[in-house]
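Report on the structure given below.
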Amino acid sequence: MSNAMIINGKEIGQEIRQSVAEQVSKLKNQGVTPGLAVILVGDNPASQTYVRNKQKSCEAIGIYSELIKLPKEVSEDELLAQIRFLNNSESIHGILVQLPLPEHINEDKVIATISPEKDVDGFSPVSVGKMMLGQETYLPCTPFGVMKLLEYAKVDIAGKHAVIVGRSHIVGKPMGQLLLQKDATVTYTHSKTPDLPSITKQADIIVAAVGRPNFITKEHVKPGAVVIDVGINRDENNKLIGDVDFAEVEQVASHITPVPGGVGPMTITMLLYNTVQSARKTLLQDK
Ligand code: NDP
């Protein structure tokens, strides 16, 4: 029996993309075509798929997308020079470097070189600092997407206890910050947290960003909790599954996101959103 309301990221993502597409056509009427540059280093197949999806999504709503493919032997200096060139390019409003990068390249240095005005992934130290301070900036797309899911599903956040499982720079850490800004009481957990279920059981909202299939079970969840599954894993049949044991947890949760079709579609949606906001800003600056 299913009890939980399923938060449909595919539908919510579509709705947001539609309004972003409307903004794109308005911008085009004013002479600005939003542009996103994606830098792909090497030939990692997963990265190639992610990049292709991002490009397709851009094209579907009229954003100009430019793919810069660099060989895996590219030097760090060449990559940094490419980013600096894009920082100054008028046709590009968002720059994204697909991670991971080859080992000889310092990822932190690369990300810090992206102009904060074009950091639509929200990963640079300036963007992260501004987010922490609650200042206007580009929010990292996955946690930003989760906030949109909660908003569309009308989940109350203020005063609720949110437990984040995972503390990566791109998901867990910023996720907790965004929930804190909406007045949740936030607990971070990670691989060194003893007795995880005793903590997640206290949560009104659980966000799982671990990268382990079916890791969050019924034993981790208080009846009526909202469960957001960021995980993307493959099972033995190569089928996509999340970090949450959906079949089990949907029987106790009040709301749950499926995998696929939950958080996944929101990440690219918010990337498109951020890129268009960046393009809009150039118009304001021209005035
Ligand atoms: P990371 O591997 O960077 O981080 C995983 C986190 O999980 C770490 O903080 C780690 O703790 C924690 N962890 C590992 N084992 C345990 C455990 N036993 N108990 C509690 N915490 C544990 O992953 P990401 O944050 O990048 O991604 C997480 C998942 O989300 C992955 O499946 C990824 O594919 C997916 N993802 C999905 C996106 C989307 O668009 N939907 C976007 C980005 C990621 P510690 O820090 O101590 O090592």
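Glycine residues also receive a Cβ, built from the backbone N, Cα and C atoms like all the rest.
Per TrEMBL, the features are:
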type    : residues                       : note
BINDING : Gly166, Arg167, Ser168, Ile232 : NADP(+) binding site
DOMAIN  : 7-121                          : domain 'Tetrahydrofolate dehydrogenase/cyclohydrolase catalytic'
DOMAIN  : 140-281                        : domain 'Tetrahydrofolate dehydrogenase/cyclohydrolase NAD(P)-binding'
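Helix, strand and coil residue tallies for the domain 'Tetrahydrofolate dehydrogenase/cyclohydrolase NAD(P)-binding' (140-281), in that order: 52 helix, 26 strand, 64 coil [DSSP]. Each residue of the domain 'Tetrahydrofolate dehydrogenase/cyclohydrolase catalytic' (7-121) gets a DSSP state, and the totals for helix, strand and coil are 59 helix, 18 strand, 38 coil. Looking at the domain 'Tetrahydrofolate dehydrogenase/cyclohydrolase catalytic' (7-121) alone, the prediction's average pLDDT is 97. Taking a C-beta cut-off of under 8 angstroms and a sequence separation of 6 or more, Gly166 (NADP(+) binding site) has the following same-chain neighbours: Gly172, Thr189, His190, Val207, Ala208, Ala209, Val210, Gly211, Val230. Ile232 (NADP(+) binding site) counts 18 other C-beta atoms within 10 Å of its own C-beta, drawing on all protein chains shown. Residue annotation for NADP(+) gives Gly166, Arg167, Ser168, Ile232. The furthest Cα pair among them is separated by 16 Å. A simple way to gauge crowding: the CB of Ser168 (NADP(+) binding site) has 15 other CB atoms within 10 angstroms, across all the protein chains here. The local packing around Arg167 (NADP(+) binding site), expressed as other Cβ atoms within 10 Å of its Cβ over all shown chains, amounts to 17.
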